[in-house]
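In what follows, a single structure is set out as structure tokens and then discussed.
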Amino acid sequence: MRVILAPMEGVLDSLVRELLSEVNDYDLCITEFLRVVDQLLPAKSFYRLCPELHNQSRTQSGTLVRIQLLGQYPEWLAENAARAVALGSYGVDLNCGCPSKLVNGSGGGATLLKDPELIYQGAKAMRAAVPAHLPVTVKIRLGWDSGDRQFEIADAVQQAGATELAVHGRTKEDGYQAERINWQAIGEIRQRLTIPVIANGEIWDYQSAQECMKVTGCDAVMLGRGALNVPNLSRVVKYNEPRMPWLEVVKLLQKYVQLEKQGDTGLYHVARIKQWLGYLRKEYTEATDLFGEIRALKNSKDIALAIQRINR
């Protein structure tokens with residue numbers, strides 16, 4: 001089976017990708033989206049989003065990384081897709097699933113699910129702009145407020161020439177409600193298409209991954225929030241390994257704080273450290289105590305000291 005690390009805006013930046021790829025066996029990582037409007041973005045925008053471009057589009061551990069684009073104008077998606085691969089990205093991905101109100105309000109992400117023709121035009125333009133040996137992939141949800149057009153959407157992706165399709169098994173309106181997950185619909189899409197389909201949504205452990213693959217018939221899964229809850233989730237899913245012990249998680253957090261300090265000591269990264277702890281609290285009770293201790297702290301140095309005290 002293949003296991004792919006999902007794009008998660010505001011969460012899975014290059015530093016988190018680096019750490020997670022060190023302790024996992026991901027076959028591919030997708031970046032946070034790069035927003036495309038009506039211009040060709042400068043190279044620095046691509047390098048900022050995906051510093052792995054300097055390393056043949058791989059993390060330091062060797063995991064492949066693919067840039068994701070978000071936008072609604074086919075010609076500019078194409079121009080920026082061409083630049084992404086020219087700079088070294090291992091193909092490009094088109095975001096047609098982000099449920100953020102801010103993103104949707106500007107015509108990107110899940111808004112495209114309302115207009116399968118626009119998905120077709122965007123993916124087709126990107127495919128034409130990218131060399132044939134490199135993948136052009138698309139990530140969707142089942143629809144905007146229902147799954148009535150899921151086949152039309154999936155057909156648009158395949159007919160555009162996309163290499164493969166990742167399907168999150170909920171509509172935009174479903175958000176992340178666990179009870180709304182629809183793996184069966186992913187399976188119906190997989191049966192309909194000839195290109196590979198990747199299943200995404202509510203995969204938290206080995207058992208749920210096995211059940212998802214059984215229901216969908218997919219041999220590839222994409223992990224999102226669960227990859228932050230359980231830092232070694234790809235190994236749990238692939239090999240039925242136990243989840244990472246808490247003290248190993250602490251070592252990851254210690255390294256993360258140091259990486260963040262090297263990059264930016266501003267409140268942005270402090271917020272991301274706290275954000276990751278928020279995810280860890282769902283699986284590790286110890287994370288709740290640590291979160292309570294650092295919640296009021298304002299700089300990476302103080303947070304690092306708090307985390308270091310755990311091993312003493």
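Numbering starts at 1 and runs along the chain as displayed.
Note that Cβ sites are derived from N, Cα and C of the backbone, with glycine treated the same way.
Feature list (source: Swiss-Prot):
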type: BINDING; residues: Pro7, Met8, Glu9, Gln68, Lys139, Asn200, Gly201, Glu202, Gly224, Arg225; note: FMN binding site
type: SITE; residues: Arg35; note: site 'Interacts with tRNA'
type: SITE; residues: Asn95; note: site 'Interacts with tRNA'
type: ACT_SITE; residues: Cys98; note: active site, proton donor
type: SITE; residues: Tyr176; note: site 'Interacts with tRNA'
type: SITE; residues: Arg272; note: site 'Interacts with tRNA'
type: SITE; residues: Lys274; note: site 'Interacts with tRNA'
type: SITE; residues: Tyr279; note: site 'Interacts with tRNA'
type: SITE; residues: Arg295; note: site 'Interacts with tRNA'
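Projection of Swiss-Prot feature records onto the structure.
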{"residue": "Pro7", "record": "FMN binding site", "CB count, 10 Å": "24"}
{"residue": "Glu9", "record": "FMN binding site", "CB count, 10 Å": "18"}
{"residue": "Arg35", "record": "site 'Interacts with tRNA'", "CB count, 10 Å": "18"}
{"residue": "Asn95", "record": "site 'Interacts with tRNA'", "CB count, 10 Å": "25"}
{"residue": "Cys98", "record": "active site, proton donor", "CB count, 10 Å": "24"}
{"residue": "Lys139", "record": "FMN binding site", "CB count, 10 Å": "26"}
{"residue": "Tyr176", "record": "site 'Interacts with tRNA'", "CB count, 10 Å": "13"}
{"residue": "Gly201", "record": "FMN binding site", "CB count, 10 Å": "27"}
{"residue": "Arg272", "record": "site 'Interacts with tRNA'", "CB count, 10 Å": "18"}
{"residue": "Lys274", "record": "site 'Interacts with tRNA'", "CB count, 10 Å": "14"}
* Considering all pairs of residues in Pro7, Met8, Glu9, Gln68, Lys139, Asn200, Gly201, Glu202, Gly224, Arg225, annotated in the record as contacting FMN, what is the maximal C-alpha distance expressed in whole angstrom? -> 22
* Cα proximity to Lys274 (site 'Interacts with tRNA'), best match among recorded positions Glu9, Arg35, Asn95, Cys98, Tyr176 -> Glu9
* Can you grab the distance from Gly201 (FMN binding site) over to Tyr176 (site 'Interacts with tRNA')? Cα atoms, rounded to a whole Å. => 8
* Structure fact -> The rounded CA-CA distance in Å from Gly224 (FMN binding site) to Tyr176 (site 'Interacts with tRNA') is 11
* To do: In three-state terms from DSSP, label Lys139 (FMN binding site) for me.
  => strand
* Between Arg295 (site 'Interacts with tRNA') and Glu9 (FMN binding site), the C-alpha gap once rounded to whole angstrom -> 22
* Want to know which recorded positions, from Glu9, Lys139, Tyr176, Tyr279, are within 10 Å of Cys98 (active site, proton donor) at Cα; which are they? -> Glu9, Lys139
* Structure fact -> Taking only the CA atoms, the spacing between Arg35 (site 'Interacts with tRNA') and Asn95 (site 'Interacts with tRNA'), expressed in whole angstrom, is 10
